[in-house]
Amino acid sequence: MKKQDMNRDWIATAATLNSALPYLQRYDGAIVVIKLGGHAMGSDEAMESFARDVVLMRQVGVNPVVVHGGGPMINAMLDKLDIQSDFVNGKRVTDAATVEVVEMVLSGVVNKRIVQAINAQGGTAVGLSGKDANLMTCDQTDASLGYVGTPAEMNPKILHDLFSHDVIPVIAPLGAGRNGETFNVNGDTAAGAIASALKADRLLLLTDVSGVKNAAGEVVTELKAGQIREMTREGTIAGGMIPKTETALDALHSGVRAVVILDGRAPNAVLLELFTEHGAGSLIRPD
C-alpha cells in the first residue's frame, strides 16, 4: 500500500472514531438487550462478527444482554430424531417430548455456541436460560399448545450481578412454570420481557429482514408507536413482522426507551445502529 493511501485510510479511521464519540458517551453504562434470531446467526463468520461487536460494546461501557432464538436448529433436531409435531392454527404444539428437545438445543447447543464465540473474542460470557435464578417465571400460554409459556414474573437481579462483574449474559428463551414445568417462550417475547424488566435503553431485534417497510416496500428508518399501530391496521405490517412490532410496543409501554428492528445478517449491524448517526434498520420510539 502506498504511503498516500495509508494516510487516507488513517484519516478516514480517525474521522469514524471521532464521529462515534457522542454515541459512545451516550451509551456508557446503558443496558442494551439484543435478540439474536436463529436465521440471523447464519455462518460461523457471521457469528464471529456478532461476537466481536458484543465484546466491543462491553469494552466501551455498554451492558449488553443477548437473548437468542434457535427455531431452525430445533426443527433440524426434531427431524433428526423423527419427532412429529402437531399444529394448532399454524402454531407448533410443544408436547413433553418436544420441550425436552427444545431445551437440549437452545440451552445445550445454541446458547453455548454464542457463549463460546463471545469468549473467543476476548469477552466474558455466561450462558443462562430463563429458568436460572428465577429470571423468568411463566404461565402456560394456551393449553392446546402444550409447554408454551408467557412470561409472568421477572427477576433480573442475576443480570445486574453479572453486569457488576463485566460479564455478558447470553439467555436461552426458556421459562420455569410455577409447578416445576419447563416452558418454551417465543424468543422475541422473552427478549421484550427481559428488556422491560431491566428498563433497557435499547432493545435490538436482529432478524433476517432490513426493518419495517412501508406500502412501497421501503424501510422506514424511524417510527413512533402510533405509526406502528396504524400500519398494522392498514395491513402494511403483516405476517412475521407483527409479533416483532407487538414485542416492540409492549417493551416501549413497559419503559424501554427505544426498540430497533434490523437485519442481523449485515456486518456490524449492532455497532452501526448504536454508534453512527444514520443507524440501521427501523427505530421505534414511544409516542
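Every residue, even glycine, has its Cβ placed from backbone N, Cα and C.
Under the heading substrate binding site, TrEMBL lists G70, G71, R92, N184. DSSP classifies G71 (substrate binding site) as helix under the three-state reduction.
Here TrEMBL flags 31-262 as domain 'Aspartate/glutamate/uridylate kinase'.
Within 10 Å of the Cβ of K35 (site 'Transition state stabilizer') there are 30 other Cβ atoms, across all protein chains. Annotation source TrEMBL lists site 'Transition state stabilizer' at K35 (among others).
Taken from TrEMBL, the feature site 'Transition state stabilizer' applies to K244 (among others). The secondary structure of K244 (site 'Transition state stabilizer'), as reduced to three states from DSSP, is helical.
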Return only the integer: C-alpha distance in Å from G71 (substrate binding site) to K35 (site 'Transition state stabilizer').
13
Between R92, K244, which of the recorded positions has the fewest other CB atoms within 10 angstroms in the structure shown?
R92
Under DSSP, is K35 (site 'Transition state stabilizer') helix, strand or coil?
strand
